[in-house]
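The next block holds one structure in the form of structure tokens; read it before the comments.
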């Protein structure tokens, strides 16, 4: 929990915007992901998630994310529901271990999400992703994403543009 709060604090410096939760629900595509353990987001990696749908319920006390993973060309659909824990807008969910996540900044057509995954072996992975309502980012969105990645302590060379390999169904 402390790691996601530190990640959120660092990344919030890149995303000075406040979160408008009315803009969270909708159809989204993961454009890019960065992680400190980059193998987790490579092709076939368990944290390489292709977002499709995000919904808010109970005043956004719960966020539902529908996404695909692609292992050896086989797309598998997943839906996870994150429950807000506390006042810091941090959500917890079980997927490939224990996860905490937070929407760090958003607009009408893009959002940046930060997460910390602790897998079954106890390995902790910091991750920052950006999703959009189209298949590309504006230069400003790209800049905010890269700044968030740097502020999370993740090298820019660990960014993977996953939209290029998204062959899963809409």
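Each residue, glycine too, has its Cβ placed from N, Cα and C.
Note that the structure is predicted; figures quoted are calculated from it, not measured.
The signal peptide annotation in Swiss-Prot covers 1-16.
Around residue 56 (disulfide bond), taking its Cβ as the centre, 16 other Cβ atoms fall within 10 Å, counting all chains. Per Swiss-Prot, disulfide bond is recorded for 56-60 (among others), and the stated evidence type is similarity to another entry.
In sequence order, 50, 52, 68, 70, 75, 77 are the residues of the chain that are 6 or more apart from residue 168 (disulfide bond) and have a CB within less than 8 Å of its CB. Look at Swiss-Prot and you will find 75-168 (among others) tagged as disulfide bond, backed by similarity to another entry.
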